[in-house]
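As structure tokens, the structure follows; a few thoughts come after it.
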């Protein structure tokens, strides 16, 4: 356990008594902060609950500059926040039920903080309490009379905007981290990832990503085996038909079973039945104070019609502008590709051979640059739209970027498939994307941050007299973790390459498996050692990415049917049996519609929630009604 430097103030309350406690997070202030401003912030954080304060445990850190605040929380505060956010916990009867503070003795280990709440849950709850500290009355920041705070404003967020609070970050627990690294990536083996341990340390959001990454990689193995099996057919018709049909069924079954698996994980992690109105409000959200009709609590409100106007008249035109740049890049690539082909046929020199692949490589770099530029623009636009919940913010951002990435990554492949109908060029372009894009991603996501951190450590020579404070500051000096958005987007593109086009390049799955085995370890390494530990985020699934992957599955029906139709083997088959273009088109449309129906039937046949889990949820609902007396009242009504 990591404990703060110095002794914490002893805390006594009805449910706990604590003399020392683990430091969970750090607020780093500007080096030249006015002492009265620091004392004012500490007083706000430590204010007792009897006067509306959060009652957070704060220690000044005892560093030389005096700009570090060490934060923790009492057991009472964490349990009350658990109830407020609607977490489910295991009760004494073995059911996962929404936690209730007043009946906490009915839940397993509720009197043992470390067993009842994981480190990630403690840090998430503390972050929620700190970020939701609001100004009760108009005031100013001591030492900064020009900085006025108004009722309802989030204190820490405002101080971050004013550069008074420089950083707010959670601390690593070194013994737990070392144990996790050993089980996760330090040993070279193919053992399953310790997903529950990842969830306990980094939170549900990170755990769901690594769980899906491992699940997706394992699911690719069946496609890799099929690709080697189909290699014996050479370029026969059976090869294309078998592989295309397998692609369609694979994409459906993979996502349906993942949905079931994620429900089970969310159930045991206590987030399956989170209510949207209980989810915390984003600290960046702006609005007027109104009373929530559901909870009866005062909260910020922003009219939805204003957000709609911003989306229609600002966001949409800018998105269309970037889509236009994507189309321009495709047209330029096609022009260069035709020119390179002409040069190659005129001369078979080594330079002409290099020029043959140069357009694909340059266009891939252009795509990656445009992706990065659009990502920043989309994030700024989504922030400006002023969404209330983090999940809503992420959904709107994801839809914007997905629309762009779909056209930017797959648009040219669709053009080659449906318009040019050039299978050879499609294979060449797909192989170029798989190799160049994955290399660029590994360099951007891992190598550059790793080298940057090594250089920073190499130039850092000042060592303080307090090892604990030095360790706290070094944690904060690491670069911030940018989130999982780019990692999910990379999986989305991989899923598209596999499900949409791999029937013309069967070794796509094998290349992606090799990449993802490396990806698991590099992503784990950068999360544990290269980047600052991110604050844990609660999650009940992979969110809107589930829908995105399922939509690609439906597109795969269209592309695979069309790729079968334009293959030379199918064309030769039609000529041999004198099948006209009109008849063949009708056959393909009929097959496409039939496969979509099969896909829908398979999706509906596989339940989203396992039967045993449905039974558990119904039992919990029954017990909840019985506990509130609703069951007895209804039973009396039936007897009458």
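Positions of Cβ are set from backbone N, Cα and C atoms, glycine also.
The annotation domain 'Anoctamin transmembrane' is assigned in TrEMBL to 198-618.
Annotation source TrEMBL lists transmembrane segment at 212-234 (among others).
The transmembrane segment annotation in TrEMBL covers 240-258 (among others).
If you look up TrEMBL, you'll see 311-336 (among others) marked as transmembrane segment. Away from its own ends, the transmembrane segment (311-336) comes close to residues 358-360, 362-363, 366-367, 370, 374, 377-378, 381, 384-385, 400, 403-404, 407-408, 411-412, 415 of its chain (Cβ-Cβ under 8 Å, at least six residues beyond either end).
TrEMBL lists 348-366 (among others) with the feature transmembrane segment.
As annotated by TrEMBL, transmembrane segment applies to 402-420 (among others). Using a Cβ-Cβ cut-off under 8 Å and counting only residues 6 or more beyond its ends in the same chain, the transmembrane segment (402-420) has close neighbours at 319, 322-323, 326-327, 329-330, 333-334, 363, 367, 370-371, 374, 378, 426, 429-430, 433, 489, 492-493, 496, 500-501, 548, 559, 562-563, 566.
Taken from TrEMBL, the feature transmembrane segment applies to 491-514 (among others).
Under the heading transmembrane segment, TrEMBL lists 542-566 (among others).
Annotated transmembrane segment per TrEMBL: 586-606 (among others), in sequence order. Beyond the ends of the transmembrane segment (586-606), by six or more residues, the same chain brings 245, 248-249, 252-253, 256-257, 260, 553-554, 557-558, 561-562, 564-565, 579 to within a C-beta distance below 8 angstroms of the stretch.
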